Amino acid sequence: MTFLILTILATVTPSLYSHVVQRELRVNFEPLAGQRDSWPVARAAMVTFDARSEKAREFSECRMINSMHELSRELMDSPEHTVKRASKEEMDDLVQRCSGSAEGRSWFIWPDTKWCGPGTDAKNESDLGPLEADKCCRTHDHCDYIGAGETKYGLTNKSFFTKLNCKCEAAFDQCLKESIDRAEGSAKSSMEGLHSFYFNTYSPECYEVKCSRKRDAECTNGIAIWKDSYKS
């Protein structure tokens, strides 16, 4: 009897572990031409595959994300370790494989905001969306920056993305966290997703300005250095 049980286990066990289904949200970020804020344009796809297979990149599910609302929901529902950055080339390939089209949609402003994304949907400076985080994004959009290809504080931005002063990123982080603490329900969840999208998924570099003269309150001769994040 013992031999029979062991034989059954030996037969069944490999089949139980032969397939390890993994689900990932792939996100690509690209700059918006002429932008002055630090938000990227996003494209995203949800893929499912067998992680143990030699052909792990043959997807059992391959679905393009069709709106910023959908992207925000997927980001909130996906464990952080399953959200992966994708290069432009990788995303172009996913677009072709998932939709059969050579073009994929890009998404911009976060749901229920007018300032949280590249550019703005606001009609004027006072125009805000219902999400409290929009106030944080508006302030963030008007912060000290170095545009793509520009030089400031003796530092040249050689990337295609606008980079902000690390003080701006720190203030934005704090503002979002305070807004999240005051919120409830779906608004709280949405702002948590927004915070994770910007600081964890996108994770922008920033620059720290050091004044050459300690008594120079306006730091007119400041020199900047790049930082991986405002926390580094």
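Cβ coordinates come from backbone N, Cα and C, glycine included.
Among the candidates C143, C166, C175, the disulfide partner that Swiss-Prot records for C168 is C143. Site annotation (Swiss-Prot): Ca(2+) is bound by W115, G117, G119, and the candidate from D93, D127, D141 recorded at this site is D141. Between C116 and the candidates C62, C137, C166, Swiss-Prot records the disulphide pairing with C137. Per-site Cβ counts within 10 Å over the disulfide-bonded residues C143, C206 peak at C206. If you compare Cα positions, D141 (Ca(2+) binding site) sits closest to C168 out of the recorded positions N157, C166, C168, C175.
Summary for the disulfide-bonded residues C168, C175: the Cβ-based neighbour count within 10 Å is maximal at C168. Each residue contributes its Cα atom, and for C166 (disulfide bond) and G119 (Ca(2+) binding site) those atoms are 20 Å apart.
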